[in-house]
Amino acid sequence: MSSAPAPGSAPVCLTLWDEEDFQGRRCRLLSDCANVCERGALRRVRSVKVENGAWVAFEYPDFQGQQFILEKGDYPCWSAWSGSSGHHSNQLLSFRPVLCANHSDSRVTLFEGENFQGCKFELSDDYPSLPSMGWTSKDVGSLKVSSGAWVAYQYPGYRGYQYVLERDRHSGEFRTYSDFGTQAHTGQLQSIRRVQH
């Protein structure tokens, strides 16, 4: 699925290099890429520059494995995109633009249980620690993204596994933690922020 830019905005654009520090062969993406190796341009990705938009990178082809949010800027090596992730990956093989990342109008509702059951809390701002704002469980059973795009993290302080949650994917409804991403083995979410577009 390709995303069309909002009226008046620049089209999404991402440049990849097969060596760290923006060296070696490069490949430019303007839409989804299920496997950068199949394009024939690169065997691996070691550095990334996001020129326009926000992107989700995956460690495996076909949008599988650990997710990494890539917002506008430079990522000269794997530690720049892995950061304090719970999983350090030195390979990125599939990419897609983030849909509907309208930072000024983002809203998500967290639910304690699966299928939108139990205690709930509606958010419209960034929270570096859900427990400190009153969320009593370390887990989120389900959530609804009413507008915008969010990145949720396994631990407080925007650390651990990343889960990119968009209004235009799953109709914004993530009924169980397994809907958060292919690497989600638990519903543990302890910080969340809006995607920077």
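Glycine is no exception: its Cβ is also placed from the backbone N, Cα and C atoms.
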Swiss-Prot record, region 'Connecting peptide', of the ranges 64-69, 70-75, 100-105 the matching one is 100-105
Which is it, of 1-11, 23-33, 111-121, 177-187, that Swiss-Prot names as region 'N-terminal arm'? 1-11
